[in-house]
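*Asks:* To start, I am sharing the structure in question, which I have written as structure tokens.
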Amino acid sequence: MESGLVASHRLRVPPPSASAGHHHLIRHCLPPLRAASAAAAAVPAPGDDASPKFLGVETKTIKKIVPLGLMFFCILFNYTILRDTKDVLVVTAKGSSAEIIPFLKTWVNLPMAVGFMLLYTKLADVLSKEALFYAVIFPFIAFFGAFAYVLYPMRDAIHPTALADRLLASLGPSFLGPVAILRVWSFCLFYVMAELWGSVVISVLFWGFANQITTVEEAKEFYPLFGLGANVALIFSGRTVKYFSNMRKNLGPGVDGWAISLKAMMSIVVVLGLVITGIYWGVNKFVIDNSSVPVVERKKKDKPKLSMGESMKVLLSSRYVRDLATLVVAYGISINLVEVTWKSKLKAQFPSPNEYSSFMGDFSTATGIATFTMMLLGRVILRKFGWGVAATITPAVLLLTGVGFFSLILFGEPLTPLMTKFGMTPLLAAVYVGAMQNIFSKSAKYSLFDPCKEMAYIPLDEDMKVKGKAAIDVVCNPLGKSGGALIQQFMILSFGSLANSTPYLGGILLVIVLAWLGAVRSLDLQFSSLAKQELGREKLLKTQAVETVAEVVGTGNGSLQETLASEPSANGAATKQSQEPESTASEKSGQQSQ
């Protein structure tokens, strides 16, 4: 009985004196156990000092995320100041109006952006990443400082006002917008540089640097917080613009209040620009060089570079992609059609640069608060009501506020006595409704439209997912952004002014938003069907995976049982072999004694 217990014990836990053959057998019979042990050994213990944590986050991650968060805040703070200021400069300038914006976006901003990116590509080939960052951001900082302290004070000397007057007289009032680009060329240069700050410093420099030093896991956890932080920056910078724009009230007569406000705001932009470069230098010096925070190198994904013709073929070949393209184009055109008309009314209500800028400060703050709130609600709406409702909210908001805005402009006169009782005029009411339209449309875009658009790619097969996104990037994004501007240019040149074009722009907006809503409905039906198929495939794959694991585990257990069952016979054979020499020796001993 005792020997049986000892044999059983030996079967469960082989002693150190077990034979090499026995170790080999156990090694091949229990690979999952060995893999699990290795995996457990690889996970650091809770008290392991190799990865110290603060508030549940590894300190090496905090060293990267906190500086990146500060950089992003400063960049967005500057961008809000620049965005509000650029509109004030080009819209309220003498001899200019909101009609300049569509011409400026198409014929100045777009070529400058293309030229800048070509230059950036060349510099990227010859400069290191750090040198490239400084080479790009320092010209921005220098320009904004020079504009406030040199170019703006010299505006009367450097602007060709007399030449612009002669051109306008010969071409006619329809060409007010194009001529104004020449008339206030330094303001237009500021407009372009402010636009480039948004696309270059935010998209290229910041996100390029962030993607370079963060892992995928860190990005999933902290990038959404950057989005919320961006709206906090919007709120604070809006208050800053409001404060400096109201400085005029405390200044004596004859003082150029806007020049003083401009110097103060551009000084902030310069200081924060230097803070951004300082943070970048510090991260490269003290964080990236630290061996505990390695730079993650990732392989570049091959993204198909489709030509315009190939992109059109992809768009035309799939109804799903066509509907998705309609969403992108319709948003770009709709927001442009309302925004420029609203800014023309904004100038009529607030002709002074300080008043205009003060209102834009309030507008930016309200946009930040609305977007922050909508980003928190966006996940709830998507989860509770689904893709269709979430995707419908943005065009519905644009339609309702757009109809209200254009109705007040076109049919506001009969409502004048009623509005007077509330201390308002049809113009002021149109300005407020237009502001609401912009605020709610932009907050809905960031919180619902963008996530819904990206979600719509998920159920597509890999080939169409990649080609469809590339086609929309090549054709639809530029078409949406410039489509509204081109429509407005055509209307202004055809009807003489933006005001004369307003009824037609309202009609075009109505048609485009209705087409957008139709595309959302069509896409929702297709998306739901594909999503169900995708969910079914995922469930099937999970079921197959579970069955495969069960099969493997069953086979492994059977093999183990067979092995253990054969163990006694192996041990018996070994015992028999070990006993044979002993019996032989006994026989020999007996023979010798005889």
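Just so it is clear, glycine is given a Cβ too, placed from its N, Cα and C backbone atoms.
Summarising the annotation, TrEMBL assigns transmembrane segment to 65-82, 102-120, 132-152, 189-210, 222-241, 262-283, 324-342, 363-382, 388-410, 422-440, 504-523. According to TrEMBL, the feature region 'Disordered' maps to 560-594.
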*Asks:* What stretch, picked from 102-120, 189-210, 222-241, 363-382, has the most CB pairs under 8 A with the transmembrane segment (388-410)?
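*Replies:* Per the Cβ under 8 Å count, 363-382.
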*Asks:* Applying the under-8 angstroms CB criterion, which one of 102-120, 222-241, 363-382 scores highest with the transmembrane segment (189-210)?
*Replies:* 102-120
*Asks:* So if I exclude everything within five residues of the ends of the transmembrane segment (102-120), which remaining residues of that chain have a CB under 8 angstroms from its CBs? That is, six or more out.
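*Replies:* Contacts of the transmembrane segment (102-120) (Cβ under 8 Å, skipping residues fewer than 6 from its ends): 90, 132, 136, 177-178, 181, 188, 191-192, 195-196, 199-200, 204, 336, 340, 481-482, 484-486, 488-489, 492.
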